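Novice: Dropping the structure in here first, questions after.
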Amino acid sequence: MAKTIKHPRWGRYVAEAVGRGHPDKICDQIADSILDECIKQSPTSHVACEVFASKNLIMVGGEILTTGYVDVVQTGWKVLNRLGYTENDFSFLSCINSQSSEINQAVQSNDEIGAGDQGITVGYACSETEQLMPLGSIVAQALVQRAARIIDQYPFIKHDMKSQVVLNYTGNKVQCESVLMSVQHTQDVSLDQLRQTIINQVILPVLTEYGLNDPKIKHLVNPGGSFVVGGPMADTGLTGRKIIVDTYGPYANHGGGSFSGKDPTKVDRTGAYFARFIAKHIVSLGWAEECEVSISWVFSQPLPQSIQVKCFNINKEFSEQLINQVISQYFNWSVAKIIAKLKLLDQVEYFRYAVYGHFGHQTAPWEQLSERDSLQCLIKNFQ
């Protein structure tokens, strides 16, 4: 069954997602939990936390400058306990250093906040879904989210899992060609039972919800066979290795910087959140069906080096040049103002966004459409 979308695409798009128990995501969750604790105790904390997980070892490193005290090991275990691990499963090694005084002075001086590093950040939105996110990314994330929700009902399912969705676009029509899921499981369940459970309880309900279900779709569940050993016991995990899963899949560009374990002075995170905030406003207002915002930054500088707004399938009333003018004039682009606008130091629990993508969650501050009315008035004045 083909689903109709507002704006045309052509060709195959493949999107993937991973679950909470994936080794890279375990690391992201620990890093963001440490960040949350630092900000909770001292909002001016500067955090650059990295986590490495392999076999029975969890290693936490990085640079942290804070007036608070965070028990890194205890914070890490809160994440691991939620995934069913016990204290016998891992040993922790902590190698946290203080942030360089040179970096600290460059980032925060004279009541200004400078960019914590150079870099390029990208935000994207499109009209394919109500979340203004690409359909493939939303479906891939929905699959692993649903599988996680039924673990209590089907305890042979474990938290390390991946999904992959192939969508074929022909203009304003899109069809799902295949769904792949690899799901860790206990030893006492047969592959046939696991496959039938995942197909009937996860894949079919999600495809039906998004209007994509079709008997021709190929369902691939654990195509490699049994998947009993998972998590860091099977594969090494590291923070920041799922940047495409965290954002927009194959649908948009990426600046290259990861998010987890970084405080809001790190523009890899803050710039990407703000770029999404802007792109979502543009699409929600009907100025374009698809929008990509790119912002480049210079280390220690409070304002961006460049801002570029690219729009596709633009409303005939407007032009890309006009949209760029309105956006550039309306928003305050300083790092400090972005942090304040998105409430990144007082209303965000970063751990919540370490899995299932950082975008499309309606409760996130960067997903709110607070500036719609003001932008609509401003663009009329420009015309």
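Cβ atoms here come from the backbone N, Cα and C positions, even for glycine.
Values in this document were obtained by computation on a predicted structure and should not be read as measured data.
Per Swiss-Prot, the features are:
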BINDING   HIS22, ASP160, MET161, LYS162, ASP235, ARG241, LYS242, SER258, LYS262  ATP binding site
BINDING   ASP24  Mg(2+) binding site
BINDING   GLU50  K(+) binding site
BINDING   GLU63, GLN99, ASP235, LYS266  L-methionine binding site
REGION    99-109  region 'Flexible loop'
Novice: Expressed to the nearest Å, what is the distance separating ASP24 (Mg(2+) binding site) and ASP235 (ATP binding site) at their Cα atoms?
Specialist: 9
Novice: What does DSSP say about the residue listed as 'Mg(2+) binding site': helix, strand or coil?
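Specialist: In the DSSP reduction, the residue listed as 'Mg(2+) binding site' maps to helix.
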Novice: May I ask for the distance between ASP235 (ATP binding site) and GLU50 (K(+) binding site), taken between their Cα atoms and rounded to an integer number of Å?
Specialist: 17
Novice: Go through ASP24, GLU63, ASP235, our binding-site residues, and report the one whose Cβ sees the most other Cβ atoms within 10 Å.
Specialist: ASP24
Novice: Do you know offhand how many angstrom separate LYS266 (L-methionine binding site) and HIS22 (ATP binding site) by C-alpha?
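Specialist: Taking the Cα atoms only, LYS266 (L-methionine binding site) lies 25 Å from HIS22 (ATP binding site).
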Novice: Around MET161 (ATP binding site), how many other CB atoms lie within 10 A of its CB?
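Specialist: Neighbour count, Cβ to Cβ under the 10 Å cut-off: 27.
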Novice: Whole-number Å distance between the CA of MET161 (ATP binding site) and the CA of the residue listed as 'K(+) binding site'?
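Specialist: Pair distance, Cα basis, whole Å: 22 Å.
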